[in-house]
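Visitor: The following feature annotations were taken from Swiss-Prot:
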BINDING   13, 14, 15, 16, 17, 18, 19, 20  ATP binding site
BINDING   64, 65, 66, 67  GTP binding site
């Protein structure tokens, strides 16, 4: 049956237990995510996923008190999913009363079941109302002693695929400093200290993707030593980014105009990442701009 091709994860549980962080983690794993979906729309949502021509194979939704219809209709919606042949799992998040009270006080938000105050009373009321739903959950996570980052990592380990949870998506972008540093860069490399092919007439119209330009740059011992040491640094730090739960890293490589040196170094970094099976992309932001006639490199 077509509908069985979509894996649906329903996230629910106590208010303040970390459902938003869990959903964000799943989004990083490639899930199509919807927050605060009313139970009456769950079946329709699942049907739409099956009509995506394979673009949506995993989806996650959060159903909680904000949905308005409350959980009395959630059981009915899940029953409809089962009858229609959809595979779904329930992730139930909870935490101790003490921890939840502390989180509400820290955020200065009101509990949805106690709009006039009385945080603890609202928590206890909600816990009682969710007893039956908790009993049918496929997985229960107690977030009392978890930081947001630890929760995201635990969700990724439980519901992410092996490739997404074990690898980091790395974007390498070369650029020219005179056109400004990309705003989303995490790691920045300035390679303006390397020999500049711009001052070699036959290399000037080429970019750092061309073998002649790369040979010129890496024939310099300093350039080769720099690349070797930087790749060694990446070899060391990337696994720690993965362990910490980071899913996307942007490495910016800049030279004056973004045509020669930064492009060549970015290409070498991209090859390194590809050889180690990281999800990666290389973009040369300013190389084409310079080839159109900008004389300052």
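Cβ coordinates come from backbone N, Cα and C, glycine included.
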Visitor: Reduce the DSSP letter at residue 65 (GTP binding site) to three states and note it down.
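Guide: Going by the DSSP assignment, residue 65 (GTP binding site) falls within a helical segment, counted as helix.
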Visitor: Between residue 16 (ATP binding site) and residue 64 (GTP binding site), how far is it from one CA atom to the other, in Å?
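Guide: Distance between the two Cα atoms comes out at 11 Å.
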Visitor: I'm trying to understand the geometry here, so how far is the Cα atom of residue 18 (ATP binding site) from the Cα atom of residue 65 (GTP binding site), in Å to the nearest whole number?
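Guide: Distance between the two Cα atoms comes out at 14 Å.
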Visitor: Mind telling me which of the binding-site residues 14, 17, 65 has the densest Cβ neighbourhood, counting other Cβ atoms within 10 Å?
Guide: 17
Visitor: Name the residue among the binding-site residues 15, 20 whose Cβ has the smallest number of other Cβ atoms within 10 Å.
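Guide: Counting other Cβ atoms within 10 Å of each of the binding-site residues 15, 20, the minimum falls on 20.
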